[in-house]
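TrEMBL annotations:
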- A:21-39: transmembrane segment (TRANSMEM)
- A:51-69: transmembrane segment (TRANSMEM)
- A:76-97: transmembrane segment (TRANSMEM)
- A:103-124: transmembrane segment (TRANSMEM)
- A:136-154: transmembrane segment (TRANSMEM)
- A:174-194: transmembrane segment (TRANSMEM)
- A:230-248: transmembrane segment (TRANSMEM)
- A:260-277: transmembrane segment (TRANSMEM)
- A:284-301: transmembrane segment (TRANSMEM)
- A:307-326: transmembrane segment (TRANSMEM)
Amino acid sequence: MSTATHAQTSAPRRRRVNLTVIAPLVALLVLIGIGMALNPNFLSYANITNVLARSAFIGIIAIGMTFVITAGGLDLSVGSMAAFVAGLMILVMNLLTDSMGPGLPVIALGIAVALLAGLAAGFINGILITRAGIEAFILTLGTMGIYRSLVTWLADGGTLSLGYEMREMYRPVYYGGILGIAWPIIVFALLAILGEIAMRHTAFGRHCAAIGSNEKVARYSSVAVLRVRLATYVLLGVLVGIAVVMYVPRLGSASATTGLLWELEAIAAVIIGGTLLKGGFGRVWGTVVGVLILSLIGNLLNLTDFVSPYLNGAIQGVVIILAVVLQRNTGAAR
Amino acid sequence: MKATLPIKATLVATTALLGLTAVPALSQTVGISIPAATHGWAGALNFHAERTVARLAEANPDMEFVLTTTSDPGQQVSDLEDMVATRGIDALVVLPFESEPLTGPIARIADSGVWVTVVDRGLAQEGIEDLYVAGDNDSFGRTAGQYFAQTLDEGAQVVVMRGIASTVDNERVAGFEAALEGSGVEVAAMDHGNWNRDTAFNLMQDWLSRFPEIDAVWAADDDMAVGALAAIDQAGRTGEMFVVGGAGMKEMVDRIRNSDPTVPVNVTYPPSMISTAIEMTVLGLTAGAPMSGDFIIASELITPDNAENFYFEDSPY
């Protein structure tokens, strides 16, 4: 403790910042090293593709969550929202197949439904938080329950499955790709790059950080606080829609257990990546690293019998806590 | 306004009293408490419960049914208390969410003279319920294990996907392992897929990269089998192994009746057991025939020959 304080006061400012910046990267590299030692197939093309593609859903949602948290908000409804949007999309696509026959227009309309439903859901969250002044934690806790019930109701307690022909036609959106890189990975990477640019180099990103840091000061600096905050929830909703567009072709089904605990995984990834939970500072690339760390832990535990599978959650928990401990030294001064 | 209030209250009270006396003395109320439809099997359970209640309510006009669904043990206890306090139930059909926490509350209801039928998950203490209707978890695992032992050669590699860590899961796996004993079939890996499609998909992907040779997968539930099949298909390893799920999801039964080599058989664990329980309880109240005891429904092997009998078009599962 005394050495840490000493280092903080005497070392140059930039060096202290660098340490917390590289912490998630170091953790990621350590995990990759463990993976290589455990199993020769760890770095195989198939395993890397699997891990990256399955990270894409949480990853895409976590990018949106980074903006929401940076602006001092929170969204607990994204997992349920994803399940509901997926259920709705499958239902609409099945209905359209009956009347239009299987084909690309059905897929296009299905994707449109997912994106619009995500946007609408995000807008509802955002407008109630900003205009009705309901605490984000409470409101999204409410909508979390609502969407989860709605998908159970839509599925009649069972599972909503996409018709067989449509499933075959839509399948390549998850399993296909260009140059051997699967579509979910490409979409995730593109959105991460766009998100990083938006966070660092646009007025929107700066306004998010300003609001999260000090709402009053932001308002006096003529930042449209309510509108920016609303925009973060709408953006998150649309990203949930995009994640669903990639998720549905994987198993072609949605049920009441779809997207369970995704909200917590997304929030955990954001925090591991170095974004401050209390808002004011966010970084999208860190979130991407956080998502990879979380899914690598799961992957490694499945590749070995070394640790009891009961302890999977415990290991993820330790990583999350360590990440927050590391953050303690970075003030909200930025 | 002030004057009308007591009059209103008296009116309400007298109507209620009249209503009470108007009801025939034989009228009986059956309470049914089951887990909410949060996954495929529970969804089918709800489907069969609602169907049976509708049918029995029509057949017995003087009988009332109260159906509640819950998503956690605490809420189920509250539901049971409400049923006793406000509906005065004469019989209770309950699928306990968890055995331990519900044993006490159900014992108190049984002590008050209510007929109690316990479904599937037994209570932690014996002798509380009048009737016990359940699937056979040991048989569920054993039936699958016997098929593996008969079909696979010595030294064959099998991976096992378990459900959510629970006594149900432990009994099934114990039955499966007992059946494999001495067959020379090796369990290469065993892990929890939590009866969930996505978890099973990820688990299967990881196992496919870990093991160059897998001869068969026991997914222990059809939701997990769906995930496992998708991962095998993606890895281009269809044809190398077969997958046996369980519980008789209609998509799986459909594949079996079409003689799909990847899904050769399935093992039943019928969600329609709730219908058996409700029917027997009502029969016990009305027919005067003895209905108490244990009614254990064995798990059957679904093969291409008998698959037609296990296919329910309207069921959500």
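Cβ atoms are placed via backbone N, Cα and C, with glycine included.
At the 8 Å Cβ threshold, with sequence separation of at least 6, the transmembrane segment (A:103-124) comes into contact with the transmembrane segment (A:230-248) through 3 or more pairs.
Long-range contacts of the transmembrane segment (A:307-326) within the same chain: residues 20, 23-24, 27, 268, 271-274, 277, 290, 293-294, 297-298, 301, each at least 6 residues beyond the stretch ends and with a Cβ under 8 Å from a Cβ of the stretch.
Across the candidate stretches A:21-39, A:76-97, A:230-248, A:260-277, the maximum count of CB pairs under 8 A to the transmembrane segment (A:136-154) is reached by A:76-97. Away from its own ends, the transmembrane segment (A:21-39) comes close to residues 272-274, 286, 289-290, 292-293, 296-297, 299-300, 303-304, 306, 319, 322-323, 326 of its chain (Cβ-Cβ under 8 Å, at least six residues beyond either end). It is A:230-248 that, among the stretches A:76-97, A:174-194, A:230-248, A:260-277, forms the most Cβ pairs under 8 Å with the transmembrane segment (A:51-69). The list of residues near the transmembrane segment (A:76-97) in space but at least 6 beyond its ends in sequence, with Cβ under 8 angstroms from a Cβ of it, reads 57, 61, 64-65, 105-107, 109-111, 113-114, 117-118, 121, 125, 137, 140-141, 143-148, 150-151, 154-155, 160-163, 165-166, 236-237, 240-241, 243-245, 247-248, 252-256, 258-264, 266.
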